[in-house]
Amino acid sequence: MKFKPAMLQVYLVIGTQNVEQQPARLLQVVQQALAAGVTAVQFREKDGSQLDAAARVRLGKAIHQLTQAADVPLLVDDDVQLAEQIGAEGVHVGQTDDTVGPIRAQHPDWIIGLSVHNEAELQASQADLPQVDYLGVGPVFATDSKPDAQAPIGVAGLQAVQAQTELPLVAIGGISETNVHELSAVPTIGVSVISAITQSSDLQKTVQLLKTKGATHEN
Ligand code: TZP
Ligand code: MG
């Protein structure tokens, strides 16, 4: 699937750690979020997952069936082999994960995203940038979903990274229905969320709100 910046409009990140370790609940959230209009999904199963390798592949394939039916890309956090086994559309890697060059060489048609915390990390990633489709930038706000998250960079921090790159950006970290409008100050971005969606009681409303207030991409 060819990358388009509009895929970043509302980007759901999810693993069983976000849904009380219940794969069935994860699939339900993904299905409802797709129906509500999310534009990308990332399967992010963190260390300490109760799923063994085979169970991750099974769950990943089940997620992929849902995303394919909705014509939405599925990316896998930080696990090239799992992405290959699932047949996912790509991977999202962090600063301490694999470098992007060899992944791109193996998978010319994948969508590849890279996490960047601030301008210093952007500079440190220069060699990888030509191989990446988009950058995930944050945490913008304080988050309860990532125990090892760095300090929030705020909208100003997001703006500072944005000023230094032409790559499409997706903001992440603590983005909610109540603060998403603050991001509209920064052009050409989308929003990536865990808890705003996994803890929503009205996914249709949540996704629409994130889409209209958070993202400025149309193409
Ligand atoms: N990377 C930076 S913050 C974060 C990740 C994966 C967690 C985002 O979760 P939430 O619940 O949307 O703050
Ligand atoms: Mg990682």
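Sequential numbering from 1, following the chain as shown.
Including glycine, each Cβ sits where the backbone N, Cα and C put it.
Heads up, TrEMBL stuff is auto-annotated, nobody curated it.
Binding of 4-amino-2-methyl-5-(diphosphooxymethyl)pyrimidine is attributed by TrEMBL to Gln42, Phe43, Arg44, Glu45, Lys46, Asp77, Lys146, and within the candidate set Ser115, Ser184, Ser200 the record adds Ser115 to that site. Summary: among the binding-site residues (Glu45, Asp77, Asp78, Asp97), the fewest other C-beta atoms within 10 A of the C-beta are counted at Asp97. Sorted by the number of other CB atoms within 10 A, the binding-site residues Gln42, Ser115 start with Ser115, the lowest. Taken residue by residue with DSSP, Phe43 (4-amino-2-methyl-5-(diphosphooxymethyl)pyrimidine binding site) is part of a strand.
Farthest C-alpha pair in the 4-amino-2-methyl-5-(diphosphooxymethyl)pyrimidine-binding residues Gln42, Phe43, Arg44, Glu45, Lys46, Asp77, Ser115, Lys146: 16 Å apart. The Cβ neighbour count for Phe43 (4-amino-2-methyl-5-(diphosphooxymethyl)pyrimidine binding site), using a 10 Å radius over every protein chain in view, is 28.
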